[in-house]
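Positions annotated as domain 'ATP-grasp' by Swiss-Prot, on the basis of sequence analysis: 104-301. Residues annotated as ATP binding site in Swiss-Prot, with sequence analysis given as evidence: 130-185. Annotation comment: Swiss-Prot describes ASP255, GLU268 as Mg(2+) 1 binding site, evidence class sequence analysis. What Swiss-Prot lists as Mg(2+) 2 binding site is GLU268, ASN270.
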Amino acid sequence: MSNATKFGKVAVLLGGKSAERAVSLDSGQAVLDALLRSGVQAEAFDPQDRSVTELVNYDRAFIVLHGRGGEDGQIQGVLEWLNIPYTGTGVQGSAIGMDKVKTKQIWQGSDLPTAPYRIITKETDLDSVIAELGLPVIIKPVHEGSSVGMSKVEKAEDFAAAIEKATQHDAVVMAEKWITGREFTISFLNGQPLPVIRLQPPADVAFYDYEAKYQRNDVEYGIPCGLSETEEKKLQALCLRAFQAVGAEGWGRIDAMQDEQGNFWLLEVNTVPGMTSHSLVPKATKAVGYSFDELCVAILEQTLEGTA
C-alpha cells in the first residue's frame, strides 16, 4: 500500500490476560502479518508483558485483545487518556458489549428481540428458573466471550454442574432460554452490516462453542446463508439497530438465532471479534471482495477519522 505511511507507527494489541489470550495471540499475529505485508509500520504489543504507558511511543493502536482487559473498555480508556486513536468501539460501548446482561437490558429497552434470561445467584430458586424459561437453557458467564464457560442444560439435575463451570470464569452467571432453530452471525465493517453467515456446527456439538469456533474444521459456514433476500435484509437491519443501540462502532459482529416459527432473536455482540483462520468477519468480508490484508487496513483506516 503506497500511502501506508499515513498510519505512522501502529501497535497491534494482542494477548492480554483474559481467558481468550490464546485466541488473541493468533488473531493479533494474523493482523500484524497483514499490516506488515501492506507496508504499515506495525509492531506487536502484549499488555501482559509491557506497561501500557509505553503506548505513548505509537501513533495509533489496532486492538485485537479479546475478553476482559481488551474488549471491555479498559484498554480503550487507557488509549483515550493517552490520546491515541484506536480501532473499533469506544469505552462505553465496549463495556456494555462485554456485559451480556447490560446488552440484553439495552436491547429490551430498545424493543429489540433477545431471548428471555435470569441472573443466577446462590439464592436463586432453580425450579423457578425452569418454570420461567423451560428446558433446555444455556448457562453463560456474563463477562466472557468465545463461548468460554458455557453449557447447555437439558435436565434439572445438570444445573449445578453447569453453574459451577460458569462461575470458574465469572462471579456473575446467567441462564438463557434455549432457542431451537438456525444460528446466524452478522459482521460489520465501517458500521455497516455484511452478508449474513449461517453457522452449522456438526451434529455432536450442542452449540457453536469454543472448540467449534477455533479448533474444529467440520463447522459449515453458509454464504449465502439460506435466508430469502427479504429475510436477510430484515436480519441485517435488526442487527444494525442492535449494534448501534449498545454504542458499538466500526467493526464487530452480532450473533442471532431464527426459531422454528421464523422469528429472529439476538444473542450477543462482539466488539473485537476473532481474526484467525476460522474467524467470521474475514469470511464475511471475503464475500464482498476484501482480502484479509485489505480488511485489516480498512479497520485501521477508522483510526484516521478526524485526524487525517
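Along the chain as shown, the residues are counted starting at 1.
Glycine too: its Cβ is placed from the backbone N, Cα and C atoms.
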Handout entry: Cβ neighbour count (within 10 Å, all chains shown) around VAL137 (ATP binding site)
Key = 27
Exercise for the section: Drop a 10 Å sphere on every Cβ of the binding-site residues ASP158, GLU268 and tell me which sphere holds the fewest other Cβ atoms. Expected result: ASP158
Fill in the blank from the handout: LYS165 (ATP binding site) and GLU268 (Mg(2+) 1 binding site), compared by Cα position, are separated in whole Å by 20
Completion exercise
Checking the binding-site residues ILE130, VAL137, SER151, ASP158, VAL172, ASN270 against ASP255 (Mg(2+) 1 binding site) with a 10 Å Cα-Cα cut-off, in sequence order, leaves ASN270
Fill in the blank from the handout: By the 10 Å Cβ-neighbour count, the most surrounded of the binding-site residues ILE130, VAL172, ILE179 is ILE179
Problem - Proximal but sequence-remote residues of the same chain as SER151 (ATP binding site) (Cβ under 8 Å, at least 6 apart) - result: ILE138, ILE139, ASP158, ALA161, ALA162, LYS165, ALA166
Problem - Rounded Cα-Cα span from ASN270 (Mg(2+) 2 binding site) to VAL172 (ATP binding site), Å - result: 19
Problem - ASN270 (Mg(2+) 2 binding site) versus ILE130 (ATP binding site) - Cα distance in angstrom - result: 28
Exercise for the section: State the count of C-beta atoms found within 10 angstroms of the C-beta of ASP255 (Mg(2+) 1 binding site), not counting that atom itself. Expected result: 20
Practice task
Measure the Cβ-based neighbour count of ASN270 (Mg(2+) 2 binding site), defined as the other Cβ atoms within 10 Å of its Cβ.
Solution key: 24
